[in-house]
Every structure is written in C-alpha cells, then in structure tokens.
Amino acid sequence: MIFFVALLTGVSIVIAMVQNAKLADYIGIKQCTVMNYVTGLTTVTFIFIILGASLGFISKLSSTHALAYFGGLMGIIVVTTSTVIIRKLSIIAATMLMYAGQLMMGIFIDYLRDIDLSLGKIFGCILIIAGVYFNTLVDQRLAKIPRVENTSMPMDL
C-alpha cells in the first residue's frame with residue numbers, strides 16, 4: 001500500500017508542477033507561489049474544520065526549534081524553482097533531474113546517518129543525469145533536422 005501511495009505522490013508532484021507552470025504563465029512566478037501556499041493553507045484549514053481536528057499544536061509552535069520551520073522555506077524554494085524549471089525543460093527531463101537531485105541528497109543524508117554508502121545508488125544517479133543529458137542532445141539535434149513530408153501518395157484515397 002505504501003508503494004502505491006508513493007507512486008500517487010510522484011504523480012501529484014508532476015501534475016502540480018505542470019499546473020503551477022501554467023498558472024505562472026498567466027499571473028507570474030511569485031504570484032503563483034503565493035497562490036500555491038494560500039490555496040494550501042485554505043485547504044488544510046478546511047480539512048481541520050471538517051475533521052474536527054484539534055489546533056492544540058499552535059501553543060507548541062513557540063517552543064519548536066527554529067530548524068523545524070526550514071521545511072516551509074524549502075517548500076517555497078521547491079515550488080518556485082520547479083515552476084521555473086518546468087517552463088524551460090521538457091517535463092520528463094525536469095522530473096528526472098529533480099529525482100536525481102533527490103537521490104543525491106538521500107545518499108548524502110544516509111551517509112551522514114552512518115548508513116552504508118551504496119556505489120550502486122551513486123552510479124544510478126550518474127546514469128540518470130547522463131541519460132537526461134544525452135536525450136536532451138538528441139532532441140536538440142532532431143529539432144534541427146527539417147521534416148520531409150511524403151507527397152508521393154495522394155491524401156484522399
């Protein structure tokens with residue numbers, strides 16, 4: 001079940017990136033980021049009200065370590081930069097490069113936590129980046145080749 005939820009999360013991320021890019025085209029990147037968080041806050045507030053969830057955690061916010069709020073800042077950076085990236089790269093290239101970045105950070109954090117460093121993961125990450133780079137080069141070369149239409153057969157048979 002957790003694997004299915006992880007897959008749905010990945011699907012949701014790509015859909016959100018594409019939608020954010022469309023919104024940014026319409027209202028601007030900064031405004032898109034603000035709307036993203038306003039919509040998120042509104043939605044989670046509505047869910048809290050519907051579920052009757054306690055807001056008791058608010059009293060604990062002042063005693064929470066400052067680094068705990070770093071996730072919110074990182075969220076803003078992720079939304080903003082992914083919106084910029086998705087407008088400049090193909091969706092698959094952007095997704096794969098962001099995945100490679102996540103993989104590199106995961107390897108690094110595992111290393112800091114004294115979890116064995118896997119050469120297979122490092123090699124896999126390098127392969128992903130090389131594959132995206134190679135695919136981008138091929139796509140650029142193919143885009144320069146003029147298309148020749150086959151006019152030897154009539155269109156209406």
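Every residue gets a Cβ built from N, Cα and C, even glycine.
According to TrEMBL, the features are:
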TRANSMEM  36-59  transmembrane segment
TRANSMEM  66-85  transmembrane segment
TRANSMEM  91-112  transmembrane segment
TRANSMEM  119-138  transmembrane segment
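Residues of the same chain lying 6 or more positions beyond the ends of the transmembrane segment (91-112) and with a Cβ under 8 Å from any Cβ of it are 14, 17-18, 82, 85, 118, 121-122, 124-125, 128-129, 131-132, 135-136. Through the fold, the transmembrane segment (36-59) approaches residues 20, 75-76, 79 of its own chain, all at least 6 residues removed from its boundaries and within a Cβ separation under 8 Å.
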